[in-house]
Amino acid sequence: MGIQAAEISAILKDQIKNFGQEAEVAEIGRVLSVGDGIARVYGLDNVQAGEMVEFPGGIMGMALNLENDNVGVVIFGSDRDIKEGDTVKRTNSIVDVPQGDELLGRVVDGLGNPIDGKGPINAKLRGVADVKAPGIIPRKSVHEPMATGLKAVDSMIPIGRGQRELIIGDRQTGKTAIALDTILNQKSYNDAAGDDESKKLYCVYVAIGQKRSTVAQLVKKLEENGAMEYSIVVAATASDPAPMQFLAPYAATAMAEYFRDNGRHALIIYDDLSKQAVAYRQMSLLLRRPPGREAYPGDVFYLHSRLLERSAKLNEDFGAGSLTALPVIETQGGDVSAFIPTNVISITDGQIFLETELFYQGIRPAVNTGLSVSRVGSSAQTKAMSSVAGPVKLSLAQYREMAAFAQFGSDLDAATQQLLNRGARLTELMKQPQYSPLTNAEIVCVIFAGTNGYLDKVALADVGRWEAGLLQHLRGKHAELLAWITNEDPKIKDDAAGRVKAALDEYAATFA
């Protein structure tokens, strides 16, 4: 077979023409030492603070300490396969996460990777995890209600869209239960809103340092109640490395900010920030940053303030969206004056204080109504609710004061006796089983009944039964009254009070 020169030259010409001249340039460094999830890297001279770097085997890390002769990198994953002398590559990108509606109904880790086995998330947008909070100009004061469906909270500690309300208490006092009920309560509002995005509320739940079984149970509960369709769960569990637990709240906030910045409304629950602070303390000490009070680093206040300041109500010029935050803090033995609790109390717009004592007395949710406050929520309360909630606060405050004195004296005058009786019944009325949130109108009617003496003759043990019967009666025979309160939002006095009283009188006559 002869050599065909023309054909060979044609092939050579073709190859020369298509010769790629691009050379891939990557800035690399070498691992000096590695251990406890921290790598010291030499040679990454131009790396930025907070930049992602890549180790062999695709393990990612984040540059946190930029020192004269080396870079301190925290590792998102196991450091077992990283050894001294390994090459580390810059990625030239600050830590970012996927954003958008594609995340709804999914469970992701602290970097936005799916961990629910439902395939990849094809998000079109990505956002930087740790961005600056909105300034003063884009904001507006909180004025729309964010209903939790809990009688004790919606009446006495109202929360508005764009508010930060801390849920604080010892372990096993029902902190997560309040947060979960709030998510479940949005189902009826979101379904009623139809296509009106301004009425819907999307929920993001961040589990920080919790057991995997606990997170799985929570996701199952959300799925059973049809709440996953408007929720995102971000999980950095106890078995995840500290950097993941530190990063998860920021990543989740970036996902929630997508809704805030597009004129929609979102709620984010951080469960819980005590564990994030512990993870950050671990990272800081291993990076040899100087410890401060309780061995936390000096910037632990900034850790939480820059996170919670991202929750805001934006004004009309910026789309009128909002991001509401419910951070959870676990106290040790009811000590609210510890470092982290005092920090977060000073950052937030109020707190729901839960007590072990009340929990064991069977008062659940175990809200201490005396210590709990909402600093901005009252302006977001519906007219109907604020008109019935005032007397409750007063009655319960007087009851707590009198109950303390009543232990000493046996012969009490009729007025004091009446005050104690009503206070006991109102306390009983504030109890609510888990996973059974009520609508705004139902809470208004129940509380109106309590403050207007409908329960004074009912035995204390029968209050729960009386309330359950009333709700059934209202839903069955007075659905139009509930709809009227929901849609018109009247102040419950004069004519409106007359309509509610008529329904209550009708029920009271049948109760036995």
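Every residue, even glycine, has its Cβ placed from backbone N, Cα and C.
Sequence-distant contacts (6 or more apart, same chain, Cβ under 8 Å) of Thr173 (ATP binding site) comprise Leu354, Glu355, Thr356, Phe359, Ala366. Per Swiss-Prot, the feature ATP binding site maps to Gly169, Asp170, Arg171, Gln172, Thr173, Gly174, Lys175, Thr176.
If you look up Swiss-Prot, you'll see Ser372 marked as site 'Required for activity'. According to its DSSP assignment, Ser372 (site 'Required for activity') is coil.
DSSP assigns Gly169 (ATP binding site) to a strand segment in the three-state reduction. Listed in chain order, the residues near the ATP site other than Gly169, Asp170, Arg171, Gln172, Thr173, Gly174, Lys175, Thr176 are Glu330, Leu354, Thr356, Phe359, Ala366, each with its Cβ within 8 Å of the site Cβ centroid. Cα separation, Arg171 (ATP binding site) to Ser372 (site 'Required for activity'), rounded: 17 Å. Taking each of the binding-site residues Arg171, Lys175 in turn and counting other Cβ atoms within 10 Å of its Cβ gives the largest count for Lys175. Secondary structure at Lys175 (ATP binding site), as computed by DSSP, is helix. A distance of 15 Å separates the Cα atom of Ser372 (site 'Required for activity') from that of Gly174 (ATP binding site).
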